[in-house]
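What follows is one structure encoded as structure tokens, with my remarks underneath.
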Amino acid sequence: MSAPLRVLVTGAAGQIGYSIVIRIADGTVFGKEQPVELVLLDVPQCSNILEGVVFELQDCALPTLFSVVAVTDEKSAFTGIDYAFLVGAMPRREGMERKDLLAANVKIFKSQGKALAEYAKPTTKVIVVGNPANTNAFIAAKYAAGKIPAKNFSAMTRLDHNRALAQLALKTGTTIGNVKNVIIWGNHSGTQFPDVTHATVNKNGTETDAYAAVGDNAFLQGPFIATVQKRGGVIIEKRKLSSAMSAAKAACDHIHDWHFGTKAGQFVSMAVPSDGSYGIPQGLIFSFPVTIEGGEWKIVQGLSFDDFAKGKIAATTKELEEERDDALKACDDANI
């Protein structure tokens, strides 16, 4: 077996964290031959819950789990890590405006960005799951910039990507394995653009483009997009809790593919720092289609847009620029 990977999960006492840690520990994310040292971080008030999660992981008797430790301070959490799942964030409460939510999260992700710079390896790879994920990733990357390159920071839009795959499979009466290359553009929010223009569906051994497979353009430009955009809210309405199982699976898919690479001819959606591709402002954490090889993602180039797609992408870009500006103002206001 190879040397253990040290993997941090923040917010590990919460629902999503609880669902993520088992997938990391049992080899789903990094493979059955790769031992992991799991570090679970949460606030001191959750130390008892964290200890219970540690006990459960020990009781799973997993060959790939080299060690597991629960911590409540950033130095212990971030020291020497290879991967970070930043799940913990301030949730939006009733009556809270976006700027208030951003201000609360700026403090958390500024602190974690600085901790990454001070204690983590320069090769550490980071996925931000806690919302607003794109902007939280932007802030963490900003404060870790002296040590960890921006390309090592990402935010999760794989949940939206997986939701889009599932809806397309349901509509065409096939299975997930027969659908590929959906794209989530932009923010992990209600403005995201789930795009199937370049997606394909394999039915009865024949691969066809998604629009032809569905045969209903109005559906793909209306209800399909709305279903993916609003899915999280619908699940809260039904369960009275936010998506946890599906969010954890998506975070693990995201890191699995970053670690092992994407399959030939397939791309996935990741929110990563823009390099100016498709006219998206440089540095904005924006969901793009990417391919991954050797642990490095690349934005898929040369895709074309119609006016409908351009309008959707412009709307999500505008929202992300506003979020970024509000977050930077919160940094200034808090003198951080």
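Every residue, even glycine, has its Cβ placed from backbone N, Cα and C.
Around the Cβ of GLN15 (NAD(+) binding site), the number of neighbouring Cβ atoms within 10 Å comes to 16. As annotated by Swiss-Prot, NAD(+) binding site applies to GLY11, ALA12, ALA13, GLY14, GLN15, ILE16, GLY17, ASP42, ASN105, GLN112, VAL129, GLY130, ASN131.
The substrate binding site annotation in Swiss-Prot covers ARG92, ARG98, ASN131, ARG163. ARG163 (substrate binding site) is surrounded by 21 other CB atoms, counting those within 10 A of its CB over all protein chains shown. Annotation note: ARG163 (substrate binding site) sits in a helical segment as assigned by DSSP.
Annotation source Swiss-Prot lists active site, proton acceptor at HIS188. When Cβ atoms from all protein chains are considered, those within 10 Å of HIS188 (active site, proton acceptor) total 29, not counting its own.
Cα distances from GLN15 (NAD(+) binding site) to the binding-site residues ARG92, ARG98, ARG163 are smallest for ARG92. Cα separation, ASN131 (NAD(+) binding site) to HIS188 (active site, proton acceptor), rounded: 8 Å.
Taking the Cα atom of each, ARG98 (substrate binding site) and ASN105 (NAD(+) binding site) are about 11 angstrom apart. Neighbour density for ASN105 (NAD(+) binding site): within 10 A of its CB lie 25 other CB atoms from the protein chains shown. Each residue contributes its Cα atom, and for ARG163 (substrate binding site) and HIS188 (active site, proton acceptor) those atoms are 12 Å apart.
On a Cα basis, ARG92 (substrate binding site) lies 10 Å away from ASN105 (NAD(+) binding site).
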